[in-house]
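Undergrad: Sharing the features that Swiss-Prot gives for it:
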| type | residues | note |
| --- | --- | --- |
| ACT_SITE | His87 | active site, charge relay system |
| ACT_SITE | Asp228 | active site, charge relay system |
| ACT_SITE | Ser656 | active site, charge relay system |
| SIGNAL | 1-21 | signal peptide |
| SITE | Gly674 | site 'Critical for substrate specificity of DPP7' |
Amino acid sequence: MKKFKLLLLALMCVAFLPSKADEGMWLLQLMQEQHLADRMKAQGLLLEADDIYNPNRVSLKDAVGIFGGGCTGEIISPDGLILTNHHCGYGAIQQHSSVEHDYLTDGFWAKSRKEELPTPGLKFKFVERIVDVTDKVNNKVKSGEVKEEETFEYDFLKKLADEELKASDLNGKAGISAQALPFYAGNKFYLIYLKTYSDVRMVAAPPSSIGKFGGETDNWMWPRHTCDFSVFRIYADANGEPAEYNENNVPLKAKKHLAISLKGINEGDYAMIMGFPGSTNRYLTQSEVKQRMHSTNEPRIRIRGVRQDVLKKEMAASDKVRIQYASKYAGSSNYWKNSIGMNKAIIDNKVLETKAEQEAKFAAFAKAKGNTDYEKVVSEIDAAIEKSNPILYNYTCFREVFQGGIEFGTPYLILDKLKDAIKNKDKEAINKNIETLKKVYADIHNKDYDHEVDRKVAKALLPLYAEMVPADALPAFYTTIQKDFKGNYDAYVDHCYDNSIFSNEANFNKFIKKPTVKAIEKDPMTAYVRAKYDLMDKLGNELAESMKGMDLLHKTYVRGLCEMYSPEPKAPDANFTIRLTYGNVKSYNPKDGVHYKYYTTLKGVMEKEDPTNPEFVVPAKLKELYEAKDFGRYALPNGDMPACFLTTNDITGGNSGSPVINGNGELIGAAFDGNWESLSGDINFDNNLQRCIAVDIRYVLFIIDKLGGCKHLIDEMTIVE
């Protein structure tokens, strides 16, 4: 407990240093203790801390939530209208798209609420309450109820959350759930209550030529001209409570929505972002950074690059395949390019040298303090990393090929149950398992899967995997490839993809009419899947064993670093919980002789136009609006149409769609990307280079109003001019 009290002092105390671009994805619940509002006001904030986060009344926090499974969205009207990124809504847009109704290409604009499209599976979550449960966790450790290392485990955290929810006044209320999570590497724990709405409908989305303008080429780059937005709406029951889709549901009367500023932005203006950053690793050692580069990023880059080449070719040849694989390709290429940029930025920004300097400083601090745990922790981390490096490399290769690459497979565990039922002549069990298999077949051959495309992916990835890993990291079916197919990967893949029970409807229907043990045992894809999962278990167990004790080592190291840097407060790593980052609108100089100003305009879209490149096609209607200078009240004072802008805010994946808010608490943009030069930012923040790329809210409203013809949406927003 003494160690924890020292950490609290390190986290809560603040040295009032000169204002600067601020590193940190800050916890809202620690704003008062860390005196963040004082620093924010020094940079231009005109609100009080209570206006941003107040557990006892409505605040800005109540206008921000989790959109889908990994993005942020904000409420922009009293009637539950959500603004998020186009790439966040991309899966939903694709879900509603077909060759006949190609909303990816053409965009979608609901002209009335009756036209808003229900989107099964899409959810929006608000943070209802945040509770510090650190003392409860520490007391459980102290009493022997749980071991310290177990406090990081899912089972413990789930049980704790369930216990706390059951004892809470929120228990039993519609849509309420709770999650317990470690912060500061397990030196603090918070319980977060969420309220989930599951009737979320698609309202508006620009064509991909606007919402994804620049495509893969411009991803992570500046200057940027992407109008990366989409609009949805939350529906609830008559009492405003969460409910599954029902035609009688009504738009949510939001507790809080963001006013929208058309007043514009200037260099140096205050800007803050509230959202749900997914993951950062700012407290890594030098050896851990090297591991990220070589055991994770490098194999990901190589394997995804090969798969994406296959998908790109197939998508270009078929509109059906393009729509089916649009979301998968975008998700894959996003972190493929991120990994390339991260490795480059680690070298260019001398992150390894920075980490080495930090470790030397920490060693001196530990020695002066006489803390033996601190003195040995880095060397203990390094030893574990050295042991785990080859295992993590193999595991990354496995996951990229067999979990994120090749999709086709069979449910071997269900087939095993069916086989037992057939042997036992248990008709009830046979019928039950066949009904389950019917659902699985439909899941495999879903509308976003093409068997022939996946076959080509498998033919590309299986030999690549064999080339990249040692023999002991190969699934058993590689022996079959060598022995029965003389090393011919294409022939093996064709055998599996043609002759499995699950290959096609004809094979499947033939099997379920007369299921036999022999057919199950001879199924080539089932043998493939069984071998795949056997290897996954082996690699997973090896990796877990090699990293044993690492959580506690990190806990010690982070505690020590916070003490070393005290009284300067430190923010915990991101873990997809609500955070605040503050800074300013700011240009930057990426290299000698190059200056990037803080904003772009629609003129740049026209300059980038290339009708022969699908990433840089400009819709005819947008060109007409540009040539007519029909920008209305959304234009800059000089008549130009603003597009995107830069801030010094500290963001990462998960922040996509987050509101960029000015000093008055008004919406000025939506964050959607980071810049290429700072892709090492998840590991080491660089004040000079780190930039958030946001779409200007005026560009968003211009597209909704003038191109989409949805003035009725503008009318329900609160506009400040």
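Cβ from N, Cα, C; glycine included.
Show me how these features fit into the shown structure, please.
TA: Remark: His87 (active site, charge relay system) has Gly211, Lys212, Asp228, Ala330, Asn334, Ser656, Phe672 as non-local neighbours, by Cβ distance under 8 Å and separation of at least 6 in sequence.
The number of other Cβ atoms within 10 Å of the Cβ belonging to Asp228 (active site, charge relay system), over all protein chains shown, comes to 30. Asp228 (active site, charge relay system) falls outside any helix or strand according to DSSP and counts as coil.
Residues near Gly674 (site 'Critical for substrate specificity of DPP7') in space but far in sequence (CB under 8 A, at least 6 apart, same chain), listed by position: Trp220, Ile651, Thr652, Gly681, Gln690, Arg691, Cys692, Ile693.
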